[in-house]
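Working notes, structure below.
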Amino acid sequence: MVINGIAYKALVRFSVIDSTDLVKTATKKHNLSPITSVALGRLLTGIALMVPWLSKNDTLTYIIEGSNKIKYIAAQSKNNGNVRGYILPKIVDTITNEKGKFDLKSAIGNGTLKVVRDLGLKTPYVTPIKLISGEIAEDLTYYFTISEQIPSAIALGVLVDKNGIKRAGGIIIQILDQSLPKKDITEIEKKFKEITPITNFLEKHTPIDALKHIFGKKIEKTETHEINFRCSCSHQKALESLKLLKVDELKEIIIKNEIVEVSCKWCSTTYKIKPEEVKKILEEKNK
C-alpha cells in the first residue's frame with residue numbers, strides 16, 4: 001500500500017511504501033538471485049511510489065540499461081495500482097562494496113535511465129538520462145531534478161537475508177514550489193536523512209511513522225492506494241504474439257505437433273499453446 005499526501009500548505013508532496021510483499025512476489029515469479037532481487041526491487045518500489053500521481057489512462061515505465069553484469073531492468077505502473085517489472089539476466093553473482101552491501105553501481109555499470117510516459121496518446125514521451133550512480137534512488141532523484149525540475153529526495157531499499165527478502169520500501173518527497181522557506185527545506189532534509197536507510201527504519205516502524213517523523217503536524221492530507229504485482233498478459237495475448245511468426249515457421253510448429261510455450265517477459269508466466277490453436281492462426285494468415 002502506498003500512502004501519499006501533501007504538507008507545508010501543499011508546497012510539498014510525498015509518497016511512501018512498505019513494498020516487501022511486492023518485491024517478494026517479483027522475486028518469486030522471476031526466480032531471481034539476491035542482487036537482481038535488490039535491483040528490480042528498488043526500481044519496482046520507485047515506480048510504485050508514483051501510482052498516486054498518475055492519471056487514469058497513464059502508464060509510467062522506468063527502464064535502466066546497464067553495461068556490466070545487469071543489462072536491463074524495467075518497471076511499469078498504472079493508476080489502478082498494478083505494477084510489473086523484469087530484469088535481465090535474472091541470475092547474477094553477488095557483488096558487494098567495502099561495507100559488505102550489495103554494489104548495484106558495479107553490477108549495472110555505466111548506462112542510461114529512460115522514463116517513458118504513455119498518456120494514452122499516439123506517441124509516448126521518452127526522456128533518457130545518463131546514470132549518475134547506478135544505485136537507482138540517486139538516479140531517479142537526478143531525473144526529477146534535472147528533467148522535470150522538481151527538487152526531490154528519494155530513498156529506496158531492499159533488505160535481503162538468508163531466507164530471502166526481509167524488508168523493502170521507499171519514500172519520495174518533492175518540493176512543488178520554490179516559495180518554501182529555506183529553513184523548512186533544511187529541516188525536511190535533516191529528518192529525511194534520519195529515516196534512511198529506509199529498510200532499517202521500516203523494520204521497526206510503519207510508513208506513517210516515517211511521514212510523522214519528517215513532517216510532524218505539517219501533514220495536511222494523506223491517501224492510500226493498493227499496490228499489486230499484476231501483469232496484463234493473457235493466453236489470448238500469447239496467441240497474438242504467434243501471429244507475428246512467418247507462415248513457414250507456423251507450419252514447422254504444426255508438423256512437430258508439439259505444445260508451444262510462450263513466456264511473458266514481465267512476469268515469467270508461461271502459456272501453453274496447443275497445435276490446433278497454431279493451426280487456426282495459420283488458417284487466418286492464409287485467408
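Placed from the backbone N, Cα and C atoms, the Cβ positions cover glycine too.
According to Swiss-Prot, the feature disulfide bond maps to Cys231-Cys233 (among others). Taken residue by residue with DSSP, Cys233 (disulfide bond) is part of neither helix nor strand, so it is coil. Cβ neighbour count for Cys233 (disulfide bond): 19 (other Cβ atoms within 10 Å of its Cβ, all protein chains included).
Over all protein chains present, the Cβ of Cys267 (disulfide bond) has 19 other Cβ atoms lying within 10 Å. The secondary structure of Cys267 (disulfide bond), as reduced to three states from DSSP, is coil rather than helix or strand. For Cys264-Cys267 (among others), the entry in Swiss-Prot reads disulfide bond.
If you take the Cα of Cys264 (disulfide bond) and the Cα of Cys231 (disulfide bond), they are about 9 angstrom apart, rounded to a whole number. Cys267 (disulfide bond) sits 6 Å from Cys231 (disulfide bond), taking the C-alpha atoms as the reference points.
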